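Working notes, beginning with the structure itself.
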């Protein structure tokens with residue numbers, strides 16, 4: 001899990017760095033107080049959640065921070081002077097992203113008291129948030145200020161705490177309700193193979209964690225006469241346009257963010273808009289894309305499963321499906337649909353994947369024809385086209 005801490009005074013970050021020092025699965029990220037650095041952290045590091053201090057929200061940097069938060073779909077943890085009356089400052093417009101509020105007094109305790117009485121609870125809540133980036137599905141929770149009365153005792157220790165003991169020992173306003181992991185049916189219902197015409201090849205690609213760099217390696221082999229490519233890279237809305245523009249400046253092919261109705265042609269690469277699901281369809285001799293709003297699918301929007309299902313239905317054996325590095329299982333189920341409808345499917349191997357989640361899940365269910373290292377995938381795609 002990657003936690004981005006934005007704290008103008010540095011106290012909160014120090015606490016979390018020390019608190020998670022023995023957790024090998026947790027990385028504390030820092031973006032400083034530069035807007036460009038902040039955007040780069042989201043594009044390159046893919047944090048699972050963001051922690052913001054109230055003083056930071058009320059500072060001059062708060063405006064830049066608010067602009068970024070409006071374009072991401074990650075849960076925010078807010079450190080407030082008063083957890084019942086938080087002052088969101090410049091973040092007032094994006095306060096709906098805040099899903100956990102912690103009283104700042106917790107961080108002013110001695111290290112021993114903090115670790116024994118509050119750290120286990122806070123760590124549990126952060127890990128729950130980090131595992132489930134469904135911000136619309138959370139009820140706001142508040143961790144109250146410590147009890148400094150003379151009768152208060154520290155009885156619990158971090159190493160013997162579990163979910164039930166924590167929930168019984170502390171007053172937390174609500175229980176987190178996780179939204180279901182939506183099936184692609186909520187966006188596009190599977191109707192079998194709709195288009196049975198033989199056409200030129202189209203390439204559909206899904207990627208997530210580590211995908212921004214993987215796509216750069218994948219795309220460098222393609223030319224102006226290469227088959228059209230449609231890509232879903234898990235990335236917040238607002239960032240996909242600049243990502244596509246940067247790629248377009250790097251390669252000798254046309255790369256753009258998807259717009260509704262874009263017609264596919266050789267040498268064109270379409271990057272899914274981070275705010276919409278993307279599907280490919282076929283009509284009157286042309287493949288084209290549509291942007292669809294709606295709920296998260298496989299915990300993502302855009303979802304690889306949505307794109308792959310549309311390719312299974314409208315392209316069939318005319319499609320080549322590629323699943324690259326990424327966490328989770330988005331894309332696996334509908335890559336199998338593609339394969340069953342005649343598409344050729346490829347997965348990145350474990351050795352070259354930053355996270356071998358999405359490719360592994362596709363391989364496990366028999367959705368993959370070929371497993372290849374990243375450096376060989378593009379050439380193999382071109383040979384099959």
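Sequential numbering from 1, following the chain as shown.
Positions of Cβ are set from backbone N, Cα and C atoms, glycine also.
These features come from Swiss-Prot:
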MOD_RES   53  4-aspartylphosphate
DOMAIN    196-385  domain 'CheB-type methylesterase'
ACT_SITE  208  active site
ACT_SITE  234  active site
ACT_SITE  330  active site
Recorded positions: 53, 330 - member with fewest neighbouring CB atoms within 10 Å: 53
Spatial separation of residue 234 (active site) from residue 330 (active site) - C-alpha basis, Å: 10
For the domain 'CheB-type methylesterase' (196-385), mean pLDDT (0 to 100): 95
Inter-residue Cα distance where the pair is residue 234 (active site) and residue 53 (4-aspartylphosphate), in Å: 27
Rounded inter-Cα distance in Å - residue 234 (active site), residue 208 (active site): 5
